[in-house]
Amino acid sequence: MHLHKYEKIWLTFGIVCLVAFLSIVGVNAFAQDHTPAGGMHTIDPEKVRETAPFNEPGVKQLDDDTYQATIIASAFAYDGGQTLQVPAGKEIIFKLTSTDVVHSFTIDNTNVNMMVVPGQVTTKSYTFKEPGKYLIICNEYCGTGHHYMYTEIEVTE
Amino acid sequence: MLAAADRKLALWNIGVAYTAFLIGTLAGLLQVFIRNDRLELPAWLDYYQILTAHGVLLALIFTTFFIFAFFISGMSKSLGTFGPKVLLWNWIGFVVMLTGTVLATVMIVIGEASVLYTFYAPLMASPWYYVGLALFVVGSWIMGFALVGHYMKWKKANRGELSPLFAFMTVTTIVLWVIACLGVVATVLFQYIPWAFGWVDTINVELSRTLFWYFGHPLVYFWLLPAYMAWYTVVPKILGVPVFSDSLARLAFVLFILFSIPVGFHHQLMEPGISDFWKFLQVVLTFMVIIPSLMTAFSMFANFERAGRKNGGKGLFGWFTKLPWKDLRFTSIFIAMAFFIPGGAGGIINASFQLNEIVHNTLWIVGHFHITVGTPVAMTFMGLTYWLIPYLTGRKFSNTMKKLGFIQIGLWSVGMLLMSTAQHILGLLGAPRRTAYSGYNGHESALEWFDGILTNHVTMAVGGSILFLSAMLLLYIVIMSAFVSPKAVEPDEFVEFPLAESDKRATPKFLENWWLWIGMAFLLIIIAYAIPIAQMIQHAPPGSRGFITW
Amino acid sequence: MTKKKQEHEENLKGTLISVFFVGFVIVAMWVAVYLMYLSQ
């Protein structure tokens, strides 16, 4: 199997780029803690509202710098307690699950893009940089009302 | 010319492919107008029903039937006429596949299966929709095995010899397809069907998603590899050069068997139930599958440069102007390749672990598959259609047809460029995919998405309309070549099947050692999937009952 | 397979530059989205 000299140069360049991409995202994810949404906790999808923390959806302060937002997704709405309001510059841990089909919880203009799967609890930690009102939408098809499934989060100073 | 029986088989496959193409593109046209609120559907028809039809008919039915037509013609040409057994099993496979297609399509049309072509549980369609899908896959296996049987007969008659490149690539693609389908067959047969018929109450959702994507990613390579086959074996012939490197072409194809399957988690990077370690491992494996495409890029440009220099092209880029631009068969596939440059680059972004957060389930993804399967693959198939149908029917392909063909690919390119560029940018801004018209109650952020010069509903609708026009023009050419154009009489009126010479004297024999590649593929699959799937089963939450939310 | 020294390799300079154009598209698009990721 003969490789042309230029093909060797090209493939070396290509592979170096791929290794570089992987290293950059790897370091950013694992060393700087920017892993995507996930989590290994499971839950009975029929008993969501009886299971902590989903028995009390809403925003809770965990310590000085950390808040937890617990939200339930169902066709075609989100239940995050009274109003979703969190401060900018603090770590917000979003916890979600679904009572019916698969949804998403996607906050516009942020890196929060979580799949919400029945039977599983999805977790994602995010710190808002700018205060303001952010649109939240479901971007996983969930039925006739899918395109009306949205809410808002208010980020305060 | 091929034997009449083989041609008939290929033509029937093309017939089904283009029937699906007609309905699928019509659904696509309706979608862009619903999305910009210019069209209200009657009560019995729903946006998501049309979207399901668009996805299933174009991405699954059109592609698969066309691919088999291409395989049948090329296998008959390069290995000889089919025997009676090969023919019989091909027809059985075809009928099973067609039955599955009709069953699934009817379920979609009567509104019993608005679950999109990913059919994620616990959305529950009619059980017959899943039975239709299962029949479709089983039918494709039967046809695939019939073609492998034809190949084995050739191998027996030509012991110790490497098979022709076209046959080798066909078998590679079928091996890939059969291994890939194990996932979807497992989930449909053991999870969806018992659950949808009510024999069991609940379904393990995360497991079903994982088995689906074990299939879902190699599925895209099942579309891409036949296009690559045309690039590697048909294009050089049109250019008048031999295959650039027989051994590298084969190596690229076996690498696809190894690395296109253990990578499905890169479609599930945003979800719970899979730990970061396994997600990242499959991200790394996904990057491995980029390498054979980098090899392909080099081979293609080398073909062009060789051909252009042969035609008298001088200097660094003089060869570029000497390419046969007036040859519809070449220009169509060249444009297809050009679209794959941003298409492939976008794919690398999608697979880059947390970068997926920016694009996951946004319109970017829609743009992405329209410049991968929707143009590089589809336009390569169009480029094949122009000569394959006249070749099979023995009809002429007139200059008028050639002109119409150029208009057709021109329209497709412009329409796709407008639509996919708009979709890519809209996706980066955050606009979601798979939604009917919605402004989220006139929310400011949603209005901003569609406020750009390129990023608005009008651009998408204009793009979609141009694409539909192109599709109708193509169907006209298909019908003319199949039924109407005058029969070729003089020798120079016959359309040829361009298949390049491939010098396999320097090709190592181990490249055709199938058990080696299949064994390694399963080893990689076990490494990537065994532990996370075992965990999903052992630590499964109580399952989900079915929901019909449409 | 055991070809001796390749009789002067053919001129594929245009090919090399062309594939590096492909490489440039890949790197440019990737870096653009990565920067966007960092800014959000």
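The count begins at 1 with the first shown residue.
Each Cβ is built from the backbone N, Cα and C atoms, and glycine gets one as well.
Features of the protein shown, as given by TrEMBL:
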DOMAIN    B:1-550  domain 'Cytochrome oxidase subunit I profile'
TRANSMEM  B:12-34  transmembrane segment
TRANSMEM  B:54-74  transmembrane segment
TRANSMEM  B:86-110  transmembrane segment
TRANSMEM  B:130-152  transmembrane segment
TRANSMEM  B:164-193  transmembrane segment
TRANSMEM  B:213-235  transmembrane segment
TRANSMEM  B:277-301  transmembrane segment
TRANSMEM  B:330-353  transmembrane segment
TRANSMEM  B:365-389  transmembrane segment
TRANSMEM  B:409-431  transmembrane segment
TRANSMEM  B:458-479  transmembrane segment
TRANSMEM  B:514-537  transmembrane segment
Spatial neighbours of the transmembrane segment (B:330-353) far in sequence, C-beta under 8 Å, 6+ residues away: 227, 230-231, 234-235, 238-239, 263, 266, 269, 279-280, 283, 286-287, 290, 293, 300, 323-324, 359-360, 364-365, 367-368, 371-372, 375-380, 382-383, 386, 405-406, 409, 413, 416, 424
Answer with yes or no whether the transmembrane segment (B:365-389) touches the transmembrane segment (B:277-301) by the criterion of at least three Cβ pairs under 8 A, sequence separation 6 or more. no
Please report, as numbers and ranges, the same-chain residues at least 6 past the borders of the transmembrane segment (B:54-74) whose CB is under 8 Å from any CB of it. 2, 6-7, 9-11, 13-14, 16-18, 20-21, 23-25, 27-28, 31, 82, 90, 94, 97, 101, 104-105, 108, 116-117, 136, 140, 143, 147, 166-167, 170, 173-174, 222-223, 226, 229-230, 233, 369, 373-374, 377-378, 381, 384-385, 388, 391-392, 497, 499
Quick one: mean pLDDT on the domain 'Cytochrome oxidase subunit I profile' (B:1-550)? 95
Considering only Cβ pairs within less than 8 angstroms, which of the stretches B:86-110, B:130-152, B:365-389, B:514-537 has the most against the transmembrane segment (B:458-479)? B:365-389
Which residues, given as numbers and ranges, are at least 6 beyond the ends of the transmembrane segment (B:213-235) yet have a Cβ under 8 Å from it? 59, 63-64, 67, 70-71, 74, 118, 165-166, 169-170, 172-173, 176-177, 179-184, 243, 249, 252-253, 256, 260-261, 263-268, 289, 296, 299-300, 303, 329-330, 333, 336-337, 369, 372-373, 376-377, 380-381, 383-384, 498-500, 502, 525, 529
